[in-house]
2 protein chains.
Amino acid sequence: MSEKKVYRFDEGNAGMRDLLGGKGANLAEMSNAGLPVPPGFTITTEACNDFFVNEEVLSDELMEQVTQAIADLENRTGKKLGHPENPLLVSVRSGAKFSMPGMMDTILNLGLNDQTAAGLAEQTGNPRFAYDSYRRFIQMFGDVVLGIEHYKFEEIIMDVKEKRGVQLDPQLDADDWKKVIDLYKTLIKKETGQEFLQDPIEQLKQSIHAVFSSWNNTRAKIYRKMNHIPDDLGTAVNVQTMVFGNTGEESGTGVCFTRNPSTGEKKLYGEFLLNAQGEDVVAGIRTPQPIAELQDSMPDIYEQLVAICNQLELSYKDMQDIEFTIENRHLYILQTRSGKRTTQAAIRIAVNMAREGILTREEALMRIQPEQLDHMLHRRIDPDASLKTWAKGLPASPGAASGQIVFDADQAEALTKQGKKVVLVRPETTPEDIHGILAAQGILTSRGGMTSHAAVVARGMGKACVCGCEQLKIDLRNKTVTTEDITLREGDLLSIDGGTGQVFIGEVPMIDPELSPEFQELLAWADEKRKLSVRTNADNPSDARKARELGAEGIGLCRTEHMFMDPERVPIVQEMILAEHEDERKQALARLLPIQKEDFKGIFQAMDGCPVNIRLLDPPLHEFLPHLEELLVEITKLQVTGQEATPEYRQKENLMKKVRALHEFNPMLGHRGCRLGMVYPEIYRMQVEAIFKAAVECIEEGVRVEPEIMIPLVGHVQELKRMRVLVEEVAEEIMRQSQMAVSYKVGTMIEVPRAALTADQIAGKADFFSFGTNDLTQTTFGYSRDDAEGKFLHIYVEQGVLPHNPFISIDREGVGELVRIGVEKGRQVKPGLKTGICGEHGGEKASIQFCHEVGLDYVSCSPFRVPLARLAAAQAAILNK
Amino acid sequence: MSEKKVYRFDEGNAGMRDLLGGKGANLAEMSNAGLPVPPGFTITTEACNDFFVNEEVLSDELMEQVTQAIADLENRTGKKLGHPENPLLVSVRSGAKFSMPGMMDTILNLGLNDQTAAGLAEQTGNPRFAYDSYRRFIQMFGDVVLGIEHYKFEEIIMDVKEKRGVQLDPQLDADDWKKVIDLYKTLIKKETGQEFLQDPIEQLKQSIHAVFSSWNNTRAKIYRKMNHIPDDLGTAVNVQTMVFGNTGEESGTGVCFTRNPSTGEKKLYGEFLLNAQGEDVVAGIRTPQPIAELQDSMPDIYEQLVAICNQLELSYKDMQDIEFTIENRHLYILQTRSGKRTTQAAIRIAVNMAREGILTREEALMRIQPEQLDHMLHRRIDPDASLKTWAKGLPASPGAASGQIVFDADQAEALTKQGKKVVLVRPETTPEDIHGILAAQGILTSRGGMTSHAAVVARGMGKACVCGCEQLKIDLRNKTVTTEDITLREGDLLSIDGGTGQVFIGEVPMIDPELSPEFQELLAWADEKRKLSVRTNADNPSDARKARELGAEGIGLCRTEHMFMDPERVPIVQEMILAEHEDERKQALARLLPIQKEDFKGIFQAMDGCPVNIRLLDPPLHEFLPHLEELLVEITKLQVTGQEATPEYRQKENLMKKVRALHEFNPMLGHRGCRLGMVYPEIYRMQVEAIFKAAVECIEEGVRVEPEIMIPLVGHVQELKRMRVLVEEVAEEIMRQSQMAVSYKVGTMIEVPRAALTADQIAGKADFFSFGTNDLTQTTFGYSRDDAEGKFLHIYVEQGVLPHNPFISIDREGVGELVRIGVEKGRQVKPGLKTGICGEHGGEKASIQFCHEVGLDYVSCSPFRVPLARLAAAQAAILNK
């Protein structure tokens with residue numbers, strides 16, 4: 001059966017992204033819209049998948065369709081592949097459904113060989129152009145198809161330039177390029193044992209092969225994983241008639257964005273280079289001119305470009321990233337796609353497009369990936385600090401970063417794993433550096449413009465980036481970066497401001513981010529759409545205030561253990577734990593009471609008018625005592641040195657006894673949560689007393705308090721029943737003493753499977769359920785998070801045993817099923833039962849989507865995740881309409 | 001509202017046990033059957049519960065009904081309570097729904113005071129009897145109602161006997177008893193500040209109060225807990241006209257069983273004492289005569305007794321424990337109840353009664369508590385050993401026991417908690433000793449007969465007991481036990497044979513038990529009824545053989561980690577773990593392979609023709625390495641003593657690195673189970689290779705093998721999918737090499753909640769599910785068994801937060817719900833999916849009942865639990881018909 005595997009551009013349309021890839025679909029759309037697109041055809045993603053099934057062999061059937069498409073192209077262009085006088089030259093580019101810029105391979109100028117190069121020289125009267133094009137082709141083919149390292153070609157050019165005594169490529173003439181070509185051929189012979197391939201159809205076949213293969217190169221795989229792109233989509237291949245920006249000063253090539261991808265400003269943004277091929281711009285080897293300058297040099301072309309940009313943006317309802325080439329004063333559009341952008345820009349563009357009527361508000365909301373909002377909340381350099389700028393480059397991706405200088409990506413990754421912060425400093429970056437960019441706080445390059453690799457990738461990741469900082473001299477061998485007078489070395493501290501392009505020596509003071517009006521507006525729209533309430537996890541007034549600023553509607557989880565871990569309080573807490581009798585314990589607790597009360601007052605004040613959910617003490621008591629191993633070493637040392645009669649030894653021995661008594665094999669499943677309150681009710685009693693005394697004092701000050709007392713780790717209704725009685729007794733006592741009413745709720749965490757399975761019973765005693773899905777994930781899978789992530793979980797995720805890390809995004813089938821059962825059974829008994837989720841899942845998009853679907857009332861997350869949650873909740877509501 | 005709280009004996013019947021208690025219902029039944037029961041009435045258990053609700057006050061309403069019942073009794077007997085010439089005397093006894101022998105209080109001879117004692121002396125012409133009775137009443141009332149310690153009364157008698165120069169109670173005359181009475185009254189005045197109570201109605205009221213209260217005394221609570229008797233049943237109180245066994249040599253009192261409670265033999269069994277009251281027999285203070293001797297002394301009475309025994313046994317369809325009194329050659333039946341018996345006796349009686357047509361087979365099966373069967377499997381003294389008997393007592397409860405001598409119950413409990421085995425040696429035991437009997441391996445008393453407290457309780461608990469070993473002199477103060485020539489001290493080793501009454505010095509050789517034909521028959525009947533198959537957990541050939549002997553139909557869990565822990569193999573296992581590379585690891589595994597193969601061969605041979613379910617390696621690898629703390633101490637010592645340059649130090653440091661790398665915070669939830677096989681597939685591959693090589697060699701030898709490969713701790717179907725591929729690959733390779741087919745299954749443990757929740761997916765890749773309910777309980781509750789049981793779980797069970805320890809008996813609501821979900825979802829996808837349970841729950845009655853209800857195919861338990869499981873499975877089938 002001969003399926004259609006090859007589509008002429010005019011046979012497709014924008015809706016065929018699955019089959020033709022994003023680039024192919026857009027080329028088709030533009031062709032049909034009458035835009036000046038050089039003709040060509042697309043080999044489908046299905047062909048790519050067949051190729052992998054077929055053990056990386058291109059089928060005869062496919063090659064037949066390709067040959068026919070080439071014949072058709074020859075007809076349309078009047079040129080002929082391999083024709084010595086009028087040769088057809090084509091580009092071969094990858095193009096997957098989702099844009100993966102720079103991740104896969106591209107070959108330009110295909111069709112050149114010794115004969116056609118000579119023919120092209122003659123035909124164009126421009127031998128320099130023809131041989132420059134030919135050497136570029138050999139170079140790309142050598143690199144991509146034959147696997148010869150890039151630098152070996154660059155070395156040859158450098159040698160030739162040296163011998164000619166020139167510095168820049170444009171200074172080389174046709175003969176120089178011919179010399180380069182000869183040397184390239186020698187290199188290829190040496191590396192592969194074969195002459196450079198002269199048959200254009202065979203060149204094409206091998207190039208298609210290489211582009212398909214590049215779908216599975218390492219950097220593409222990493223990129224897909226990072227961006228959650230499935231591995232089985234495959235890439236399409238676009239074969240397009242070449243147009244040349246390097247035929248002379250009437251030619252050029254460029255990239256432009258319909259709006260500013262860094263700020264979102266509605267203004268054409270981009271760069272171009274005259275007398276150059278596209279790769280020169282993107283690769284960042286030469287620093288290009290701003291797009292505005294095109295207006296001066298070629299006003300007609302500029303006008304045409306602006307009109308096309310507007311047309312494309314309206315057509316795609318999104319900011320476009322457009323590649324164009326000018327060949328002898330003719331404009332060609334080589335590609336359009338939705339442009340990568342910073343979060344700041346994404347928000348501004350989405351909000352503005354909604355205001356402009358291009359998008360609806362719901363569409364605008366769906367345009368922002370919730371996790372991007374994180375980037376908006378990055379700290380920035382304090383504008384009031386008096387700082388001395390060391391150097392200045394292009395503001396390629398906003399945000400500020402400080403860290404140690406590193407000069408290569410592997411080192412960046414290694415140091416980051418050790419917990420260090422680094423800034424990656426490179427002359428330019430390539431797709432090989434992607435893991436280093438991911439690891440670094442920020443990226444600084446000495447070459448390349450706003451659309452260079454480093455800039456595009458950094459913006460996509462929300463990393464600070466300064467590009468094209470040409471005053472820096474980077475010496476990779478000696479690991480130094482130098483301006484005229486100052487040299488910094490690897491490990492020295494450096495700061496960059498990606499919003500201004502400034503580079504500073506050392507660390508600089510940072511402040512909290514300022515949120516743009518567009519950001520506020522977008523979230524206000526989100527608030528209108530969402531059904532889920534959004535709360536925050538906070539256990540101190542400053543976090544609580546921050547979260548309210550970011551839109552939190554209450555506290556969903558106030559942990560009380562951090563209060564116990566304050567260094568000033570630890571001695572009292574230890575006294576309480578080491579107490580031999582209940583009386584002693586109560587004395588220590590009495591000293592903690594006023595401190596706890598102040599903790600809660602501060603939080604109630606910060607959350608005036610909002611519910612505050614306070615979880616009673618949860619961790620096992622041994623967490624507050626010295627570590628067993630440390631004590632053991634100290635005791636052993638005292639023993640070996642014969643100090644067993646000293647008071648110090650006796651004191652440590654005593655402490656050790658208690659530490660041993662409290663020691664647990666599996667603390668995660670041990671004596672913690674409400675099991676503490678059941679065995680030592682006096683601890684919970686003190687906490688409840690502190691809460692209600694704080695509430696009463698707040699009410700007296702006019703603060704509106706809504707305490708919710710949360711009993712952790714309930715597994716059996718009897719636990720909640722008894723703890724509820726305890727809370728009610730203390731509450732009533734304080735209310736009686738103060739003659740004041742405090743309205744409060746008592747509920748529980750649902751964080752062990754048994755609680756979810758018996759939620760009908762538990763609901764009878766609970767005013768609310770808060771699903772503690774971190775612990776619930778641990779118990780449902782039988783994974784200790786501390787152990788699993790380092791020992792086997794990363795392997796499970798890498799190997800696809802699990803679709804994702806269930807601690808990051810909720811496991812719907814298992815953990816989610818328990819949440820569903822819990823909600824259902826709970827509401828059977830108590831229809832109005834308030835349900836929420838606290839913990840990390842409450843700030844993760846897919847988990848929030850799940851919470852919406854399962855009908856929870858709220859999610860609670862850390863303060864800086866609140867905007868994300870607001871947006872994700874809105875998107876969930878929109879998607880589930 | 002005046003509810004009926006008091007029933008005349010002839011107003012009740014045997015069906016009213018809830019309301020009247022067992023004793024009351026039986027007295028009613030016997031009264032109506034025309035047996036010679038002294039008249040009386042029963043105060044209901046409801047009255048007891050009212051009493052506790054009413055803060056331990058007897059309501060006026062109740063006392064009115066009691067007064068009326070007394071009046072009625074006076075009418076029927078012609079006697080009158082408190083009448084100086086013709087006094088009515090009554091006994092006041094507890095009687096709960098379930099017999100709790102000796103746990104609650106009893107008062108006899110109530111109605112005696114100074115006046116009525118004199119009247120009784122005159123009326124009977126037997127002042128000695130009258131004053132003996134009076135002093136007994138004062139003594140019991142003083143003890144039970146007034147709370148004066150028993151020994152204080154005994155001291156008075158001893159003083160009087162000493163002054164009179166006599167040794168035995170019967171040698172005291174009426175005047176002596178009057179002297180005792182005076183001294184008793186002085187004691188009471190001194191202890192309570194009040195004169196001894198003379199008003200019989202007030203005596204009665206206080207006695208009823210005391211008996212009700214005794215429902216909640218400590219020993220009764222412990223007994224109920226041990227026997228799973230609910231605390232809210234309450235006790236009835238039986239008030240019955242006194243008859244006297246202590247009026248002279250024509251009188252007596254006794255206890256008899258309709259069959260032998262120790263062996264089950266169908267022959268009247270019991271003891272009597274002439275001229276004594278009932279307490280004398282039961283308390284074990286005087287050693288009574290065997291019942292057969294009654295035939296000689298009073299043949300008519302004996303004949304009447306035998307007839308009544310037969311009548312009662314037929315009527316109750318069970319062996320009866322009957323208390324009788326002979327008053328001046330008149331036989332009275334004071335009580336009948338189903339007799340406590342050894343398991344051996346219980347089985348023999350049930351089987352014989354079925355054979356005799358008294359019971360159906362199903363009824364016979366329901367008569368045995370499955371957990372009792374454990375006792376039958378106790379080891380016994382090797383009959384071929386040449387042993388010297390040190391002393392000989394009564395064979396009160398069969399079984400053999402060896403242990404250190406202890407002389408009091410607290411000490412027995414304390415030493416047992418330390419892991420020591422003890423034999424409790426006492427002159428006699430009382431209900432206060434019950435915790436010591438529970439703790440001890442066996443009980444040896446110097447006084448008391450076959451129906452003494454020690455004997456009855458020991459039989460109930462299945463403990464070995466030798467009673468009435470009168471040649472022993474026990475000195476509790478100096479903690480010695482002495483025969484003529486030998487003195488043993490606390491801590492010395494002693495052995496007893498409760499089946500023969502022999503006592504030996506030191507430890508004696510033991511052998512496995514022999515199972516009686518009745519035992520075999522009963523279990524054969526059970527096999528006919530049960531639906532559940534019964535397998536065993538065994539990981540060596542000898543356990544496997546033992547289990548088959550006991551009826552196991554296969555192995556449900558063969559753990560492979562014990563094979564790894566064999567001391568000779570540990571070095572190879574450690575080598576495997578410490579290997580830096582896969583190659584090294586494979587070398588170590590290659591050395592383990594032939595050893596593992598032999599392990600499996602032995603098991604297959606022992607299980608010829610039965611399925612053998614082998615679980616691949618489950619525990620975390622660090623379990624095979626030295627303990628971190630020990631290493632830390634050793635390393636610290638080497639550091640302190642400046643030996644850091646030694647090879648020893650370096651070696652230990654290296655080991656420590658690996659131990660630290662493998663160390664886990666929560667090993668229960670860590671890198672174990674199939675997570676090992678996923679990360680180190682070579683380990684599982686070796687095990688599977690060993691299994692199939694063993695299988696092939698066995699088949700060659702004519703052994704029929706049915707291996708089932710079990711993948712532990714699967715939480716996601718992908719794990720099972722991959723491990724299944726691994727098993728199949730290895731299996732096919734071995735079968736190909738050997739040119740032999742091995743039929744096998746691959747399945748999984750369901751032991752984390754996620755596995756149960758996604759059982760539909762997992763079933764697609766599993767031939768069987770084995771529910772690992774120990775781990776499932778840990779993860780469902782979030783309890784680490786190692787930590788929970790010592791830290792809070794015992795408190796939860798004691799306080800009734802949990803109805804029972806969920807590790808012992810399955811938690812139906814939570815863990816059971818997951819099992820139900822797992823079975824249901826699994827069978828949705830694969831209707832014939834084989835399901836079972838392995839682990840401790842598989843050998844526990846209530847859990848087996850649950851397994852039957854939920855539709856599992858089999859249970860698997862330790863070898864000695866197999867008979868229990870067979871019976872429990874049959875009972876489940878009978879109950880759920």
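Note: Cβ is positioned from N, Cα and C throughout, glycine not excepted.
TrEMBL entries are annotated by machine, without manual review.
The active site, tele-phosphohistidine intermediate annotation in TrEMBL covers A:His453.
Counting every protein chain shown, the Cβ of A:Cys838 (active site, proton donor) has 29 other Cβ atoms within 10 Å. Annotated active site, proton donor per TrEMBL: A:Cys838, in sequence order.
Reduced to three states, the DSSP call for A:Arg559 (substrate binding site) is strand. Annotated substrate binding site per TrEMBL: A:Arg559, A:Arg615, A:Glu751, A:Gly772, A:Thr773, A:Asn774, A:Asp775, in sequence order.
Annotation for A:Glu751 (substrate binding site): same-chain Cβ neighbours under 8 Å, separated by at least 6 residues, are A:Gly673, A:Pro712, A:Leu713, A:Phe771, A:Gly772, A:Thr773, A:Asn774, A:Asp775, A:Leu776, A:Thr779. A coil conformation is recorded for A:Glu751 (substrate binding site) in the three-state DSSP classification, outside any helix or strand. The Mg(2+) binding site annotation in TrEMBL covers A:Glu751, A:Asp775.
The domain 'Pyruvate phosphate dikinase AMP/ATP-binding' annotation in TrEMBL covers A:55-292 (among others).
According to TrEMBL, the domain 'Pyruvate phosphate dikinase AMP/ATP-binding' annotation covers A:303-353 (among others).
According to TrEMBL, the domain 'PEP-utilising enzyme mobile' annotation covers A:420-501.
For A:518-876, the entry in TrEMBL reads domain 'PEP-utilising enzyme C-terminal'.
Chain B comes within the C-beta cut-off of under 8 angstroms for the following of the recorded positions A:His453, A:Arg559, A:Gly772, A:Asn774, A:Asp775, A:Cys838: A:Asp775. In the structure as shown, the Cβ atom of A:Asp775 (substrate binding site) sits within 10 Å of 23 other Cβ atoms. The helix, strand and coil residue counts that DSSP assigns across the domain 'Pyruvate phosphate dikinase AMP/ATP-binding' (A:303-353) are 25 helix, 17 strand, 9 coil. Residues of the domain 'PEP-utilising enzyme mobile' (A:420-501) grouped by DSSP class, helix first, strand second and coil last, total 18 helix, 27 strand, 37 coil.
Cα separation, A:His453 (active site, tele-phosphohistidine intermediate) to A:Arg615 (substrate binding site), rounded: 48 Å. DSSP assigns A:Gly772 (substrate binding site) to a strand in the three-state reduction.
Each of the binding-site residues A:Thr773, A:Asn774 was scored by the number of other CB atoms within 10 A of its CB, and the lowest score belongs to A:Asn774.
Computed over the domain 'Pyruvate phosphate dikinase AMP/ATP-binding' (A:55-292), the whole-number mean pLDDT of the model equals 90. In this entry, A:Arg559, A:Arg615, A:Glu751, A:Gly772, A:Thr773, A:Asn774, A:Asp775 make up the residues listed for substrate, with the farthest two CA atoms of the set 15 Å from each other. Rounded to a whole value, the Cα-Cα separation of A:Arg559 (substrate binding site) and A:Cys838 (active site, proton donor) is 11 Å. The Cβ centroid of A:Arg559, A:Arg615, A:Glu751, A:Gly772, A:Thr773, A:Asn774, A:Asp775 marks the substrate site; residues of that chain outside this set whose Cβ lies within 8 Å of it are A:Leu557, A:Asp618, A:Pro712, A:Met749, A:Ser770, A:Phe771, A:Leu776, A:Cys838, A:Gly839, given in sequence order. Rounded to a whole number, the distance between the Cα atoms of A:Arg615 (substrate binding site) and A:Cys838 (active site, proton donor) is 11 Å.
Annotation for the recorded positions A:His453, A:Arg559, A:Arg615: lowest Cβ count within 10 Å of the residue's own Cβ, A:Arg559.
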